[in-house]
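Over in TrEMBL, the protein carries these features:
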- 1-10: compositional bias 'Basic residues' (COMPBIAS)
- 49-95: domain 'F-box' (DOMAIN)
- 1-26: region 'Disordered' (REGION)
- 445-487: repeat 'ARM' (REPEAT)
- 486-528: repeat 'ARM' (REPEAT)
- 527-572: repeat 'ARM' (REPEAT)
- 571-602: repeat 'ARM' (REPEAT)
- 617-659: repeat 'ARM' (REPEAT)
- 658-703: repeat 'ARM' (REPEAT)
- 702-744: repeat 'ARM' (REPEAT)
């Protein structure tokens, strides 16, 4: 697969199979904040002659403040002076642990620096249990995500150890193990609480809410999001409440809620988005509450339906801001501001309000809350992707998310960037990005904005911006805009990040951008190849997301000749082979195998094919992957073996590694598989069958029957590879008899007469010719005499009937390329132009890429003496295709004809009175080719000859005398299936 998109957030993490994961995935054990040391490792490290230790302390502290925690700890370990400066309280007022493993040991090491810690963000339930070891008694704000497993006990202990908390936020993932008991403990322990936001609690009883009203006199904001049951009446007793959100919560009694909440004396704003609130309840709240200014009801199906029948009721909301899917949010906010004497532009309302409201705290609080709930609601809508949202996203949703990206609130920025990454994806399994939505982001200036966000010093913001850029880049127009704005350099830099989440998202962006041929060289020039290879070496296990993205990007890049060389030089062959050998994650295996297949696809231009085969364990690993339970893995492994079999040493080594048995088993098993798997399985057998020993082994292992079955499929690409493999096998008399016994003649006859692929028809005809040209007659006569078939088989053989059927369709095939008028002119004239016209009429473009061995050319020469006029015509037609001017290997084949002394046979065929006219004309061209007569030179130079057309299936000469030497061209793919 050429690309990946990411949609769902943390709640689907445990079921993740492809690149769809939470904003902050669980960090592996080895991803941690380094423990600061106390020893000095020498001098300064920057430009020569700079004494870094002479910098003023304030300057050093400023440098520290711009670094992430890992780099800060590393820098602080250089000397005692900087260690002291690195512990400055001003550097440790805020701590974001989301991208790091935080266990009790790490927390204890950090404890000495957390005395002045005021703001903390963490990730996961395990980290929550370790936070008490930070001993940050003065902590004011705490926010945790991906805490699905957090319990009442853990949350209660956190509250008890941090009594000075003013803001506590756990979500947006559901906290299904939290009950009202934890809420009550929070209320009793954190009496200074001003803001409480909890998500996914099953029940919030009145007792817990009453405790909040009793013990938290400063509680101004309360959010119970996506909860199962809330005592809406008790909420009316939280007197200091100014901002309330019950978005996504269920089972609310709206008549009670509207009556109770409207009596709150300080209530300013309410969020009821994604609930079943009714229009009457909304109107009652807006009209009954004297203080309520803002009500948000986004994505409320019942309310929107009822409102559509009573839109005149909106007059009752005059002076108040009602935000719904049918309303214009920016216009409504601008009108709301106008009511307070502020004039702002609708398009830039969220970017300009801070400068206007610098002295108006009440309105500033409203706008901060509004940004938070809008980012949350839009993200949830993007995740669920409900029907009927297209118009909303195109009219204002995309612009709203881009406006929120500019927020001063870091978590709002992150959610807005995540929303941009998600809302464009309509089918995450198939990497489907809605073009109109992606282009809406681009047209609203989203690309420069996201790239600027990716340069942020905050790693959480970096990762979400990179994720958005990656998903949007699935669209080719957006990908071009990203590249034009310098996005490739930015992503390449982020791929070098020591933060695994950031590097993972950046690798995903490079993966999607690398689909475009025009971007491959730019990625290499930006250092992207080296960065991607280093990611594989750096994150060796337990982090399948980053490995799959890195391998996928390298697979796309490897399809380019120059990039494939750079991958090899950067150590990419070893990295990818290591993944194929050791990684057990199917997505990673698939991309590693695809990358190796594409690396091996440049046999004519570089040595990567041989290099992959020579890497220790590479061929054995690919052979083993053909037994995978995952079809994609089997397909890419077979494709890699197909390409690798072009090298003589690789071909024999694959056989020694069990490749013949594995690929025959794969061919047997893929009767009902995808076209791609069938094509690669047959192709790999075609490649291996170039060797005489392998050809015999394939026949003995039972490879004939599945190839015949594949020849009967409806896919032209499969026709070609199956026919090519059978052609090679038919050179051997034992295999030829097996093909007849297994019913191969009717299958080849069907290909010869009905396939939409000229190449498949051509190779099927040649396979039939091999089977009945007399070379196998003696063995078949022996079988007929003893009344049994090959190696004890009980199948009977009607040799004469099969031969008649084969010759009939071989003749019909050759005649399809015969224009009687053109051949008549050529027969009566020896003019080069006449012969050139015959060549043009009879030419099969793709056949010019087939390269035959001396033994095979010899077989066609011998066939020219065959008593059968049909076989003589077939042999002459084949030699025409192989020597036709303009063919890739025409000179090679002409040389083989010369060495074989074919001129006399060709002249005799051309002069024979009993030979078919097709055989005579084709023989004349062949003899001229073999002798390099002046007319042949003229034909070679004739401008009417068709140009060389690159095709998928090329042929190379075999070193094994006496066997068909056909081999397939390197298979290079940008996509496992069309993405």
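Each residue, glycine too, has its Cβ placed from N, Cα and C.
No curator has checked TrEMBL annotations; they are predicted automatically.
In this chain, the repeat 'ARM' (445-487) does not touch the repeat 'ARM' (571-602); fewer than three CB pairs sit within less than 8 A of each other, excluding pairs fewer than 6 residues apart. With a threshold of 8 Å between CB atoms, the same-chain residues lying at least 6 positions outside the repeat 'ARM' (617-659) that come near it are 1, 573, 577, 580-581, 586, 589-591, 593-594, 596-597, 600-601, 603, 609-610, 665-666, 670, 673-674, 676-677, 680-681, 683-684, 686-688, 690-691, 693-694, 697, 956, 959, 967-968, 970-971, 973, 976.
Here the domain 'F-box' (49-95) is broken down by DSSP into helix, strand and coil counts: 30 helix, 2 strand, 15 coil.
Each residue in the repeat 'ARM' (617-659) has a pLDDT score, and their mean in this model is 95. Across the repeat 'ARM' (658-703), DSSP classifies residues as 34 helix, 0 strand, 12 coil. In the repeat 'ARM' (445-487), helix, strand and coil residues by DSSP number 33 helix, 0 strand, 10 coil.
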